[in-house]
Amino acid sequence: MMNSKVVPKYALLTVALLAFACSLAFAYDPSPLQDFCVAIDNPASAVFVNGKFCKDPKLVTADDFFRSVNIPGNPTNKVGSNVTAVTVEQLPGLNTLGISLARIDFAPRGLNPPHTHPRATEFLVVIEGTLHVGFVTSNADGNRLFTKVLNKGDVFVFPIGLIHFQLNVGNTKAVAFAGLSSQNPGVITIANAVFGSNPPINQDVLTKAFQVDKNLVNYLQQQF
């Protein structure tokens with residue numbers, strides 16, 4: 001008969017696995033510890049929670065939770081798109097709530113180039129126009145490409161951390177809104193990061209990685 005005071009090894013292993021799983025579950029934006037925690041740059045008379053100082057709740061107003069994104073962004077640039085971010089940096093009331101938003105305006109044939117959000121899954125809804133969207137899975141999954149053509153009212157999800165893009169395939173402007181599962185999702189635009197880093201990545205690294213000559217690498221670096 002097992003001594004009730006002796007904890008079996010498998011029970012300890014189970015507890016350890018559960019603890020590890022819980023730590024993964026809270027690896028991203030934690031749940032808020034209060035109704036709200038409005039971000040404030042001045043730490044005087046503030047409380048530090050979830051990475052931002054909190055404004056005194058008695059001083060919070062409705063404006064802390066409001067921001068207009070009604071004005072279209074200007075997509076007149078090399079790629080033909082403009083992203084208007086609404087993260088905790090632009091909307092302090094998002095602090096600790098674990099969400100953010102972006103408006104994306106596309107010129108005809110405009111592109112939101114391949115990029116990743118290291119801390120968030122993205123949920124995209126098309127408001128106007130037609131977009132060709134897609135994401136690429138990780139190396140372990142064989143870098144599979146998932147694509148879809150979206151029209152007004154369609155939605156698409158880009159899993160956290162995966163490279164994805166949106167291309168306006170129409171001859172008129174397009175507009176989309178993206179919800180992200182972090183108050184500060186971060187963004188890494190692949191071409192900018194690889195060819196426009198500061199200081200530049202050693203050209204020997206890039207020529208071998210992309211299997212091209214240094215003249216092409218030099219040209220691409222000059223573009224960024």
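The backbone N, Cα and C atoms fix where each Cβ goes, and this holds for glycine too.
What TrEMBL lists as oxalate binding site is ASN112, HIS117, GLU122. What TrEMBL records for HIS115, HIS117, GLU122, HIS164 is Mn(2+) binding site. Annotation source TrEMBL lists disulfide bond at CYS37-CYS54. The domain 'Cupin type-1' annotation in TrEMBL covers 69-218. Positions annotated as signal peptide by TrEMBL: 1-27.
In terms of DSSP secondary structure, the domain 'Cupin type-1' (69-218) contains 25 helix, 57 strand, 68 coil. In terms of Cα spacing, the recorded positions CYS37, CYS54, ASN112 that come within 10 Å of HIS164 (Mn(2+) binding site) are ASN112.
Shown are the disulfide-bonded residues CYS37, CYS54; the one with the most C-beta atoms within 10 angstroms of its own C-beta is CYS37. Excluding HIS115, HIS117, GLU122, HIS164 themselves, the residues of that chain whose CB lies within 8 A of the CB mean position for the Mn(2+) site are, in sequence, THR116, ALA120, PHE135, PHE158, LEU162, ILE163, ALA178, PRO185, VAL187. Spacing of HIS117 (oxalate binding site) relative to CYS37 (disulfide bond) is 23 Å (Cα to Cα, whole number). On a Cα basis, ASN112 (oxalate binding site) lies 32 Å away from CYS37 (disulfide bond). Note: the Cα of ASN112 (oxalate binding site) and the Cα of CYS54 (disulfide bond) are spaced 34 Å from each other. CYS54 (disulfide bond) sits 26 Å from GLU122 (oxalate binding site), taking the C-alpha atoms as the reference points.
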